Each structure stands twice: as structure tokens, then as C-alpha cells.
Amino acid sequence: MSILPVIFLSIFFYSSFVQTFNAPECIDKGQYFASFMELENEPVILPCPQINTLSSGYNILDILWEKRGADNDRIIPIDNGSNMLILNPTQSDSGIYICITTNETYCDMMSLNLTIVSVSESNIDLISYPQIVNERSTGEMVCPNINAFIASNVNADIIWSGHRRLRNKRLKQRTPGIITIEDVRKNDAGYYTCVLEYIYGGKTYNVTRIVKLEVRDKIIPSTMQLPEGVVTSIGSNLTIACRVSLRPPTTDADVFWISNGMYYEEDDGDGDGRISVANKIYMTDKRRVITSRLNINPVKEEDATTFTCMAFTIPSISKTVTVSIT
């Protein structure tokens, strides 16, 4: 037997051993916190989630994509592998997709959950993106989850449809993908559809998003009534009333008093009970009214100071009264 084949065979096994020994073990970072639900027969782009978490000194040599338990022939790596594309997905494309990043000394992987659904009335709440505006305000409605498709075409044309209110002059598209709604009304609520044209390989594909717009009641600021000043005398019994009026959707507030760094709340006196707070709540004219009474009995010289009534709500409000002693 010639010694030459033996030498080549030894070199081959040694090389394979060294490559296997040097290959870094791949760290599984688990599943990405967000799941993806996309429409059947429309392009889907998934991001490699761990790329943004890698340190600036990490040099990625290769990014690989695969689907757990299936062939990878439906996956199209784009943007140097940092995203993956499926052009005409079907429900069979639902599943777990894995992004693997490697270099000479490091390897990690992270998975994403993709669900492909059909467009139907029964699925509309599953596939729609909820957005909220307030009545009688100026609000915005944004075509959601399209950044990956417009990264290379910031001037992409986006067409809105699906709601009769789009013909109203109060709704204007000043920026692609954003509808400004002036003087929001209750009947602006509903489902709106935005469609983006995505071009890949010389072909045009539609990317559809459905927005479920909710219009919340107009926020009427809470009001507070409190005198600017009161005059009393030493030894007297003084009561100061602070009246807080709330309108829906704001229906509750914590009302308390502050003076010289001390807090005075209902059922929480200053130790000797000389200063106390009593709150009363009642409804009137669709308003919830909280009357907070600060009682000082007896009045001392040290009470010639300021007391602030604070209503902790959204937004919080406060007023201050000055106590003078004659």
C-alpha cells in the first residue's frame, strides 16, 4: 500500500477535527417577544431580532434564516440578511422562523412566531391595528407596520379606503401613510384600510394594513374651586372647602392637602387631631364632585401660612389658599 493516500487521509481527518473543534457553539436567545400576524398572499418581511442587540464591536460574517421543521426554499434573505421576505405566503407558511448570526468566534440564534391568516370579517379584529384618538381634538391615524417595505422607497404611494369619512375634508393625508383628523367626531370611528405598493424583482405587490380607529370621549379638564385667602383668629374653628369637579372619562381623584411639607388626608390627622380632612363625593349634572374640607380646631399662630389643595388625577390640578390671622 502506498504511503501517499494514508498521508492525505490523515490530513483530511485532522482538518475536519480542527474545524469541528473550533466551531463556536450557537447560543439560543429564545423567542422574540412580539408575534407576527400577516395576511395571506401578501408580502411578509420579518426582522432578524438580535441584530440590534449585538455590541458595536461584533463583526457579523453570516446571517442565516431557516424555518423550524420545514424547507427554507420560501425564504428570501434581503437587506444583507437582516430581514427575510416571503412574497406570496399561504397559511402553510405559518410557524417558527429562526435567524442565526455567526462569525469566527461567536454564534447566536433567535426565533420568531409567524401566523398567516386570510382576510375575512371573522378575522378583522385579529389582523387590525388598534389606534385611539380623542373626540373634538386633532388626531392622527398611521398606516402601521410598513417601515420595512418603504425603507428603500420613502416616497411610496399609500392609498386609504374602507370608510366613508375619508371623503370628509377634516381628514387629510399630508404625509404618506398618515391621515390627520381635524375636530375628531364620534362617527370617525371604524375600520380604515391602507394599501402600499411594494416592488420586488420588477413586480408590484400590494401590502394591506387595516386600522381599527377608536374615538374616546372628549377630555374635559377637571376644575377646582378654592378661595385665595381666608381670615381667622387664634383659638377659632376654621374650615376651608376645596371643590373638585370631574367629567367623564375622568371619574375619580385623590384629594389631599399640603402645608409646609406636611400632607393631610382624610382619616389621617396630624397626630393630635387638630388638623383633619373630610371628603364628600356626590354626582350632579353628569359631573362627579369631590368636596374636601380642611378643618383646623383650634387655630394657632403657626397656621398663618399657605395650604395647597391637590387633586391627583389626569391631569392633576392644585390651588393654594393663604390663611391670615387677625
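Each Cβ is built from the backbone N, Cα and C atoms, and glycine gets one as well.
Given the structure is predicted, the values throughout are model-derived calculations rather than measurements.
As given in Swiss-Prot:
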| type | residues | note |
| --- | --- | --- |
| SIGNAL | 1-18 | signal peptide |
| DOMAIN | 24-115 | domain 'Ig-like 1' |
| DISULFID | Cys48-Cys99 | disulfide bond |
| CARBOHYD | Asn80 | N-linked glycosylation site |
| CARBOHYD | Asn103 | N-linked glycosylation site |
| CARBOHYD | Asn113 | N-linked glycosylation site |
| DOMAIN | 122-212 | domain 'Ig-like 2' |
| DISULFID | Cys143-Cys194 | disulfide bond |
| CARBOHYD | Asn206 | N-linked glycosylation site |
| DOMAIN | 221-322 | domain 'Ig-like 3' |
| CARBOHYD | Asn237 | N-linked glycosylation site |
| DISULFID | Cys242-Cys309 | disulfide bond |
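Sequence features, as recorded in Swiss-Prot, placed on the structure.
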residue : record                      : Cβ within 10 Å
Cys48   : disulfide bond              : 26
Asn80   : N-linked glycosylation site : 10
Cys99   : disulfide bond              : 26
Asn103  : N-linked glycosylation site : 12
Asn113  : N-linked glycosylation site : 15
Cys143  : disulfide bond              : 25
Cys194  : disulfide bond              : 25
Asn206  : N-linked glycosylation site : 13
Cys242  : disulfide bond              : 26
Cys309  : disulfide bond              : 24
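DSSP gives Cys143 (disulfide bond) a coil state; it is part of no helix or strand. For the recorded site, Cys242 (disulfide bond), the DSSP three-state label reads strand. Considering only the recorded positions Cys48, Asn80, Asn103, Asn206, the residue whose Cα is spatially closest to the Cα of Asn113 (N-linked glycosylation site) is Cys48. Averaged across the domain 'Ig-like 2' (122-212), pLDDT in this predicted model comes to 90. According to its DSSP assignment, Asn80 (N-linked glycosylation site) is helical.
Nearest Cα neighbour of Cys99 (disulfide bond) among the listed recorded positions (Asn80, Cys194, Cys242): Asn80.
Within the same chain, residues at least six positions away from Asn237 (N-linked glycosylation site) with a Cβ under 8 Å of its Cβ are Asn295, Ile296, Asn297, Pro298, Val299. Asn206 (N-linked glycosylation site) sits 36 Å from Asn103 (N-linked glycosylation site), counting Cα to Cα. Note on proximity: among Cys48, Cys143, Cys194, Cys242, the disulfide-bonded residues of the record, the Cα nearest Asn103 (N-linked glycosylation site) is that of Cys48. The shortest Cα-Cα distance from Cys143 (disulfide bond) to any of the recorded positions (Cys48, Asn80, Cys242) is found for Cys48. Separation of the C-alpha atoms of Asn80 (N-linked glycosylation site) and Cys242 (disulfide bond): 64 Å, rounded to the nearest whole number.
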